[in-house]
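Report on one structure; see the data block that follows.
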Amino acid sequence: MIENKKTLILSFITALAVANVSGPQYVYPTYGTSLADKFGWNGIENSMVSTATFVGVSFSGPLNAWLVENLGIKKVASFSAFTGLFLLAQTYAGYLSSHYMLCSIYLACTGAAGAASYICSLDSQAHNFKSHRGMSMGLTSASLGMSGLVFSQINDKFFKAAPDEQDNSTFDFLLFIGCIVSVISFLGSFVLGPLQHDELVDIPSDLIQDEVVTQNLNQHRYAESISSFSTSSTRFEEEEEEEESRPLLSKNVIPSADNVLLIKKIAYHQQQQQQQEEEEPTISGIAFFLDPVGYSLALSLLVVLGLGYVYLANIGQLLITLSPPDISVSDAQHLRNLHVSMFSIANCGSRAVFGTLSDILQRKAGVHRLWFFWSATVGLVISMVYLVTSVSNTDQLMISTITTAIVYGISFGVAPATISEFGTKAFARNWGILLCAPAIGSQLFNVLFGTFYEQESKRQGGGTCYGSACYQTTFLVGIGAAFVCIFILSLAIYKKKLYQRQYHLIH
């Protein structure tokens with residue numbers, strides 16, 4: 001028993017560590033501006049590179065889910081360990097071509113590898129902590145969100161930039177990230193995955209029937225103990241059905257007068273869980289997007305996460321536009337790391353708080369989770385309006401960074417549980433498809449950002465753009481898209497009557 005607990009603790013900590021190095025999209029802003037300055041990319045080229053990591057994370061979702069289902073967690077985790085930032089580091093050192101498309105490919109592969117590692121850590125947690133999925137997967141998601149904070153602070157403390165041309169801090173930092181990611185992911189491949197359990201025996205059917213009768217007479221005592229999962233994993237269906245079809249007692253436990261009550265209770269809860277899984281709906285594919293909740297959720301992820309990541313990926317350029325022209329390289333690096341750290345903290349806290357709050361409000365008050373996306377989109381509008389109308393320096397920009405991170409965290413924190421309402425068996429498929437929405441949104445808004453930034457930079461007659469005019473048009477378009485999203489979400493809420501107290505997840 002003690003050894004089993006130690007193994008569980010090791011698996012839990014390893015999953016958190018792997019998740020923490022699986023967020024290259026949150027680490028990119030710490031060195032992205034240095035790449036653009038080094039290679040002289042224009043606004044459009046830089047916009048393509050800055051979202052490449054996020055595109056790799058999002059579009060690789062279905063592929064990674066298929067790999068985990070068919071190859072297993074350990075193999076996928078070991079493969080993802082060898083796709084770090086080494087090629088990008090060699091490019092920075094001048095050994096490889098610095099063409100922006102090649103760098104985009106390197107970063108997209110890094111994003112895909114990070115997404116694969118993250119799925120492995122989530123899947124491991126969901127398999128080994130079935131009775132605590134919400135907590136284990138919530139902490140794993142929070143660990144991913146904290147990756148930006150961890151690496152931005154490391155960059156700020158140990159890889160300070162120098163003003164001379166011989167500065168190698170970015171090259172060293174890229175090598176450092178690549179080594180850390182490879183080592184932790186590779187070690188994780190030996191630990192992550194479903195733990196071995198003792199072989200189990202059947203529970204006598206008469207005990208099950210006795211307990212069912214007893215529980216039917218006292219149903220109100222157990223009503224609060226049977227709750228639905230708020231999230232799911234990417235485990236393949238055959239393994240899950242086989243695992244959960246096994247009884248919960250090992251062969252060395254012999255039914256007797258001392259343990260018969262325990263056996264009966266376990267049998268009853270096992271039967272109730274199986275009945276709940278059989279009654280759970282499974283909606284996927286076209287049917288998912290024909291459902292008002294499905295298509296409004298996809299649009300919300302496209303707008304909120306797409307625009308939110310464009311803000312994060314271009315935080316370095318936003319800071320430069322609002323800083324004095326004579327700002328030093330080290331000061332610019334510190335400002336960039338500070339904003340990335342604050343974004344990570346707010347994003348992580350938002351995921352944890354609002355993810356838990358969505359569970360509580362759904363159980364206690366019957367509030368559907370789609371209301372959280374509606375609120376997040378309204379919050380995005382407020383944040384963007386403040387950005388384009390009131391921000392004139394880097395201190396004021398911090399408010400936009402925090403508010404944008406909060407709405408970003410709400411969407412990412414509540415989305416998995418919302419998608420699982422369409423059926424846990426279809427979760428991996430639906431989640432993988434929906435991850436394409438923020439990737440499309442980030443590309444659309446980032447092309448707009450790069451285009452308008454480049455136009456304003458040429459109008460000012462210099463290589464660097466200064467002032468709110470550099471980004472104002474992009475976020476005005478984003479505000480318009482957010483209003484459309486609010487309308488679609490409101491329409492879905494009206495069609496599904498989600499303004500009423502909800503007693504069932506999917507109607």
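Quick reminder: no glycine exception, Cβ is built from N, Cα and C everywhere.
Here is what TrEMBL records for this protein:
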type	residues	note
SIGNAL	1-23	signal peptide
DOMAIN	10-194	domain 'Nodulin-like'
TRANSMEM	48-67	transmembrane segment
TRANSMEM	76-93	transmembrane segment
TRANSMEM	99-122	transmembrane segment
TRANSMEM	174-195	transmembrane segment
TRANSMEM	297-320	transmembrane segment
TRANSMEM	370-391	transmembrane segment
TRANSMEM	397-419	transmembrane segment
TRANSMEM	431-453	transmembrane segment
TRANSMEM	473-494	transmembrane segment
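Packing against the transmembrane segment (297-320) from elsewhere in the chain are residues 25-26, 28-29, 32-33, 36, 46-47, 50-51, 54, 289, 327, 332, 335-336, 339-340, 343, 370, 373, 376-377, 380, 384, 394, 397, 400-401, 404-405, 407-408, 411-412, 415, 418-419, 434, 437-446, 449, 453, 464-466, 470-471, 474-475, 478, 481-482, 484-485, 488-489: each is 6 or more residues past its ends and has a CB under 8 Å from a CB in it.
Outside the transmembrane segment (76-93) by six or more residues, the chain places 18, 24, 35, 38, 64, 67-68, 102-103, 106-107, 109-110, 112-114, 116-117, 119-120, 170-171, 174-175, 177-179, 181-183, 185-186, 188-189, 192 with a CB less than 8 A from a CB of the stretch. Spatially, the transmembrane segment (473-494) is not adjacent to the transmembrane segment (174-195); fewer than three Cβ-Cβ distances between them are under 8 Å for residues at least 6 apart in sequence.
In this chain, the transmembrane segment (370-391) does not touch the transmembrane segment (48-67); fewer than three CB pairs sit within less than 8 A of each other, excluding pairs fewer than 6 residues apart. The predicted model assigns the domain 'Nodulin-like' (10-194) a mean pLDDT of 85.
Beyond the ends of the transmembrane segment (397-419), by six or more residues, the same chain brings 137, 141, 145, 230-232, 293, 297, 300-301, 304-305, 308-309, 311-312, 315, 318-319, 322, 339, 342-352, 354-355, 358-359, 369-370, 372-373, 375-377, 379-380, 382-383, 386-387, 391, 427, 430-431, 434 to within a C-beta distance below 8 angstroms of the stretch.
Same-chain neighbours of the transmembrane segment (370-391): 293, 296-297, 300, 303-304, 307-308, 322, 354, 358, 397, 399-400, 403-404, 406-407, 410-411, 414, 418, 468, 471-472, 475-476, 478-479, 482-483, 485-486, 489-490, 492-493, 496, 498, counting only residues six or more beyond its ends whose CB sits under 8 Å from a CB of the stretch.
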